[in-house]
Amino acid sequence: MSDYNYKPTLWTRADALKVHEDDPTTTQPVIDIAFPVMSEEVFIWDTMPLRDFDGEIISVNGWCIIFTLTADRNTDNPQFQDENGNYDITRDWEDRHGRARICYWYSRTGKDWIFGGRVMAEGVAPTTREWAGTPILLNDRGDIDLYYTCVTPGATIAKVRGKIVTSDQSVSLEGFQQVTSLFSADGTIYQTEEQNAFWNFRDPSPFIDRNDGKLYMLFEGNVAGPRGSHEITQAEMGNVPPGYEDVGGAKYQAGCVGLAVAKDLSGSEWQILPPLITAVGVNDQTERPHFVFQDGKYYLFTISHKYTFADNLTGPDGVYGFVSDKLTGPYTPMNSSGLVLGNPSSQPFQTYSHYVMPNGLVTSFIDSVPWKGKDYRIGGTEAPTVKILLKGDRSFIVDSFDYGYIPAMKDITLK
């Protein structure tokens, strides 16, 4: 389709050494153990607000809509009971990924979400797992393209089209009956399952670049090559101080933020392009990448875990970001290190899967909050929304809001 000549920006080990856990300007407030839950029937985690190709969060006829990864809470299933017959919520929560389904919720207020049900009926998806992506409102007729990840067998970026229908009382979805596969990892630019059984290839986030009018997509990947074959050169190291040259097993970390371009705005045919960001020797996961376009800059956000950092590096679960004046870079790590918003060390697993919206609001879900010493409370529900301020290559957390507060930025009246 097109020729692109750019080199990925390297997130270096020297950059990651600058991560400062518990910096008050980049740390999410502590969540109270008495948090409310959206539903006693289902867990939710990755949250995908309905948006347009510019990234603006959309309501339809006054209804806010979010999509979530969802799994039933199996409170009465013997498989998730302990030896005394009590419900083991931890076992149920940790099992959720294998039975993930995409569901939707709606609200008049941007909170107090009402459960709408599954987006795709049972049997529509070609794989056993429905993993995260992006719902895009295409027009004022209510057409939606849900870009998502088909997982097990394999991992394929796909989309499915449907329509939103509203009344004064509720929101329903129609269609979503034919899944179209778009592309998978190629083994040349992006690592495949054959190269690494622990490979990552998921989380499509399409957008139209205002500078050239083309449709692109971010996604999570790993740099191609057999697992453990990546070399940590001086370029990946960066300017590390004396005593920090030991990389341990960092050759196993090869995360990247991938890019693809569509043949046209229909989004039916795609060309895989080189990554925008690589994290070889730094981190193995760069999940749910997405853009915020502000002040003529490209703010690229991704989420990652403490446990996926390479040896002799660390950082909290949370949001990491990079900024550039051009789509293809080069990118500068936000706040020198990349860390934009992390969990406090006192509650390292309280939230995850953050999504930064163009209005600065950041949504996430509650994973687990410490309770009574070594015990903890499982969430599976929306976390409090926070707000960050972006100023050049720096960010600051400036406000916090109610649980699951995801207001629309623009309302579309259907014709």
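Glycine too: its Cβ is placed from the backbone N, Cα and C atoms.
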Per Swiss-Prot, Trp45, Asp46, Arg202, Asp203 bind sucrose; matching candidate in Ala132, Ala260, Ala262: Ala132
Per-residue Cβ crowding (10 Å cut-off), top of binding-site residues Asp46, Asp203: Asp203
Whole-number Å value for how far Glu287 (active site, proton donor/acceptor) lies from Asp203 (sucrose binding site) (Cα to Cα): 7
Rounded Cα separation (Å) that holds between Trp45 (sucrose binding site) and Glu287 (active site, proton donor/acceptor): 13
Listed in sequence order, residues with CB under 8 A of Glu287 (active site, proton donor/acceptor) and six or more positions away: Asn200, Arg202, Asp203, Glu220, Thr302, Ile303, Ser304, Ser353
